[in-house]
Amino acid sequence: MIGLRKINSKVVLCTKAVNRFRAMMNESSFHTTSSDKAEFKDLLHKAQNVVVLTGAGCSAESGIPTFRGSGGLWRTFRAQDLATPESFARNPSLVWEFYSYRREVVLTKQPNKAHYAIAEFQRSLKGEGRSVTVITQNIDELHQVAGAKDVLELHGTLFKTRCTSCGHVTENRRSPIVPALEGKGAPDPDAQDAKIPEEDLPRCDQPNCRALVRPHVVWFGEGLNRGVLNAVDQALDKCDMCLLVGTSSVVYPAAGFAPMLATKGVPVAEFNMEETPCTGAFRYLDAPYISN
Ligand SMILES: [Zn+2]
């Protein structure tokens, strides 16, 4: 936690909620002092219900590609070209190749120190009768592999499928997910579309169903899972300390969580490797680009 310091608001902020929050911060008198780290530790020590909100930056060090931003292509596609219900309806084979590739990549990766630290933090607070709720935008399950429990996956997971007919959700870490996807899903721009017949793509395991299943992830244009959102609401309601880890704070609704907590007076600390639109908006910041 080198470089942790209390900060004033600065930089360009992205949204209405954040702007409201920024205005509030400007009215308050926050100063950088040498006691910030101690104060932060003290608050963390007293917190009963901590929320840890994580995003792609948390998994980047494990080598998980996001398929967002420049250079983030699979073949010639951006994630938003494939991660949609329309793309799946049009070409389920192609979309399954994309997700099969992503599953296979993640299966070769390990959680990093951040995942382990969060899992350990959750375990140790639980032992003291306190709670840590991990809310993640990541779909790689690396928090769970590191030992975190009851992770709230805002965007679903690569390792569950959902039936397009009966809606049944199944955990699935098979590699490959079906024989027809063995060796398919190469990311190179000139790779050929495997054109797998629908009957050979992943199918529902419920008796008398056997319909096509899809990745249990939230695609562009889709709403988040109601059950997950309810659990998130409950966690945010009782939260008295929030840590942002590797999240760019630009993907909604997650981007609104921390500003909402901060406006309620909940201390929020940001841990990011890169500057984000919300950097400087919260009470504490730990990042390699700040100097003390
Ligand atoms: Zn089914």
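Quick reminder: no glycine exception, Cβ is built from N, Cα and C everywhere.
Note that the structure is a prediction, hence the values are computed from the model and not measured.
TrEMBL has this to say about the protein:
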type	residues	note
ACT_SITE	His155	active site, proton acceptor
BINDING	55-74, 137-140, 246-248, 272-274, Leu285	NAD(+) binding site
BINDING	Tyr99, Arg102	substrate binding site
BINDING	Cys163, Cys166, Cys204, Cys209	Zn(2+) binding site
DOMAIN	30-292	domain 'Deacetylase sirtuin-type'
Protein Cβ atoms within 10 Å of Cys204 (Zn(2+) binding site), excluding its own:
20
Neighbouring C-beta atoms (10 Å sphere around the C-beta of Cys163 (Zn(2+) binding site)):
21
So, three-state DSSP: helix, strand or coil for Phe67 (NAD(+) binding site)?
coil
May I have the list of same-chain residues other than Cys163, Cys166, Cys204, Cys209 whose Cβ is within 8 Å of the Cβ centroid of the recorded Zn(2+) site, in sequence order?
Thr164, Ser165, Gly167, His168, Asp205, Gln206, Arg210, Ala211, Val213
If you skip the near sequence neighbours and keep only those at least six away, which residues in the chain come within under 8 angstroms of Arg102 (substrate binding site), Cβ to Cβ?
Pro65, Phe67, Leu158
List, in sequence order, the same-chain residues at least six positions removed whose CB sits under 8 Å from that of Ser59 (NAD(+) binding site)?
Asn112, His115, Asn138, Asp140, Leu142, Gly246
Among the recorded positions listed here (Gly55, Gly63, Tyr99, Gln137, His155), which has the Cα closest to the Cα of Cys204 (Zn(2+) binding site)?
Tyr99
Which Cβ among the binding-site residues (Phe67, Tyr99) has the fewest C-beta neighbours inside 10 Å?
Phe67
Using C-alpha positions only, work out which of the recorded positions Gly55, Gly63, Tyr99, Gln137, His155 is nearest to Cys209 (Zn(2+) binding site).
Tyr99
